[in-house]
């Protein structure tokens, strides 16, 4: 009888120890998983902060270079029929230029694209050429067709108005524009 009691006690003790060991292993596993997740989340947050800082510094340096490469004078002879429309567009462009894009001259674009030697593609509103700023930054220059069509000018204004004000990582950035009686163009990253 005493032996049975001792055996029962031993079995209970062994079972209790096994239960405690299982509980410890379970707690250790959960702690390891939670700790790993926390480390991963912190690492991702740090990486994003570093990327954001780099992106901001890159945009600042590119904008400084772009602004220094551009001239803001516009010399054009406009006929009397288009002065009203041109004045409206000029006011619109002045408002946009206060926000971010740079205004280039036709000569700037000729220099950037090496006289429009490398054509990338063409579409309904114009032709896109590859170019490069003096500091080596690659650009695309979209030269709009030479029409006095009101729809083309509206398209030009819409593109400058939307893309010029939008700054997203996954969208191309509008660096600047050229609006002249001889040339209408947009300069993208």
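A Cβ is built for glycine as well, from the same backbone N, Cα and C atoms used for every other residue.
TrEMBL annotations: computationally assigned, not manually curated.
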Self-check item: Per TrEMBL record, range annotated transmembrane segment [choices 29-47, 48-66]
Solution: 29-47
Self-check item: Sequence-remote partners of the transmembrane segment (29-47) [C-beta within less than 8 Å, at least six residues beyond its ends]
Solution: none
Practice problem: Kindly state the mean pLDDT of the domain 'Protein kinase' (114-189) in the predicted structure. | Solution: 76
